[in-house]
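S.K.: Pulled the feature table from TrEMBL, pasting it below:
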type	residues	note
BINDING	Arg123, Arg167, Ile168, Gly169, Thr170	phosphate binding site
BINDING	Gln246, Arg248	substrate binding site
DOMAIN	83-333	domain 'Nucleoside phosphorylase'
Amino acid sequence: MESILSLTGIKERFVQGDSKTSIRPIFESSLMANTAPILHSDYIEKEQYVQNPHLDNMEEDILYHLNLGTKTHNLPAMFGDIKFVCVGGSANRMRSFAQFIHQHLELPGNADDIRDICEGTDRYSMYKVGPVLSISHGMGVPSISIMLHELIKLLYHAHCRDVMLFRIGTSGGIGLPPGTVVITDKVVDSFFRPQFEQVVLGKVITRSTELDKGMAEELLLCSNELSSFPTIIGNTMCTHDFYEGQGRLDGALCSFSIEEKLEYLKKAHEAGIKNIEMESTVFAAMCRVCNLKAAVICVTLLNRLEGDQISTPHDVLVEYQQRPQYLVAHFIKKQLALI
C-alpha cells in the first residue's frame with residue numbers, strides 16, 4: 001500500500017500551511033471557520049461516500065448529533081484535509097487517542113489544548129489532529145450508526161477524498177489470551193453470517209460486511225514491525241447485547257446453561273471467530289456501501305471460554321486499550337511517509 005504523502009518537507013508544509021497538506025487550520029479553525037458558510041447547492045458534484053440523492057435538494061444539512069451544519073460551519077475549511085478517521089466507543093479514550101496521535105505526528109502546539117469540536121452536544125466527542133479525526137461512537141449498533149451517517153455526510157460536505165476509517169476498541173476474545181489485538185478479516189453477526197440486516201420501512205435490507213483486505217494486511221505488517229504485542233487476523237462477531245447476546249451468565253437475565261454457552265462459543269471459534277464486540281457489522285456495512293476503506297482493530301480483555309467478568313487490574317487494562325492505538329498510529333505514520 002503506497003503512502004499518500006511524500007516525506008520530503010512534509011512537516012514544513014504542515015507548519016507553514018501548504019494548501020494540500022496543511023495542518024495549521026486544525027488549530028486556527030477547528031471549531032468554526034470565520035468565513036461565509038458554503039451551501040450544499042454551491043458544491044454539488046459527483047457523489048462520493050454518500051449514497052442519498054435527496055441531499056442534492058437540501059439547501060442546508062444539519063448534522064444534529066455532531067453540532068455541525070453546512071450553513072453554520074465552513075466544513076471544507078475545517079475538515080477538507082482529513083485522510084484518517086478513527087472511531088471508538090469511549091469519549092475519554094478518543095480524546096486520549098487524539099493527544100497520542102498529536103505527539104506521534106510531532107505536530108506544533110500543546111496536545112492538551114485540543115478541543116472537542118462537538119462540545120455543544122453530549123452525544124459524541126470529536127477531535128481533529130492534522131489529517132486525523134478522532135470520534136467517539138458510544139456503545140452498540142444504534143449509537144455508532146447515527147454517528148456514521150453524520151460523519152460520512154461530513155466527509156462529503158468537506159470534499160474529503162481517499163479517507164481511511166478505523167474502529168479501535170475492546171472486545172472479548174474466544175480462545176485468545178487477554179491483550180491480543182485482533183485485526184478483523186470478516187465481520188459476522190450472531191448467526192456467523194458476514195452480513196448486516198437493517199429494517200427500512202418494514203423491510204429487511206441485507207448488506208455485506210466485507211472490509212478492506214489490503215488495510216488488514218498492512219496493519220498486520222505494522223504489528224510485525226512493532227513486535228510489541230500479539231496480533232492476529234481473524235473474524236469478529238458483532239452482537240446487539242453485552243450480556244445474553246454474548247452468552248454471558250452474569251446478567252440480570254439468563255435463559256441458558258453454562259453448557260449451552262460453551263457449545264455456542266466453541267462453534268463460533270470453529271467458524272474462525274476470534275473476538276466479540278457490538279459495533280462492527282454496521283461499521284463495515286456502511287463503509288462498504290459508501291466506498292470507504294475501513295478496518296476494525298480491537299484488543300481482547302478476557303478469554304470468554306474461561307469466564308464472563310473482566311478482573312484484570314486497571315493499569316493492565318489501560319495498557320491493553322492502548323495497543324490498537326499504537327498499531328493505527330504506526331500505520332498512519334507509514335502512510336504519511338514519516339517512518
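Using N, Cα and C of the backbone, Cβ positions are placed for all residues, glycine too.
I'd like these features described in context: how deep, what's nearby, how far apart.
M.R.: Using a 10 Å radius centred on the Cβ of Ile168 (phosphate binding site) and all shown protein chains, the other Cβ atoms total 26. According to its DSSP assignment, Ile168 (phosphate binding site) is in a strand.
Cβ-based neighbour count (10 Å, all protein chains) for Gln246 (substrate binding site) stands at 22.
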S.K.: In Å, rounded, how far does the Cα of Gly169 (phosphate binding site) sit from the Cα of Gln246 (substrate binding site)?
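M.R.: Rounded to a whole number, the Cα-Cα distance is 17 Å.
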S.K.: When the pLDDT values for the domain 'Nucleoside phosphorylase' (83-333) are averaged, what is the result?
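M.R.: Across the residues of the domain 'Nucleoside phosphorylase' (83-333) the model's pLDDT averages 97 on the 0 to 100 scale.
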S.K.: For a quick check of understanding: among the binding-site residues Arg123, Arg167, Arg248, which residue's Cβ has the most other Cβ atoms within 10 Å?
M.R.: Arg167
S.K.: To the nearest Å, how far is the Cα of Arg167 (phosphate binding site) from the Cα of Gln246 (substrate binding site)?
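M.R.: So the alpha carbons of Arg167 (phosphate binding site) and Gln246 (substrate binding site) sit roughly 20 Å from each other.
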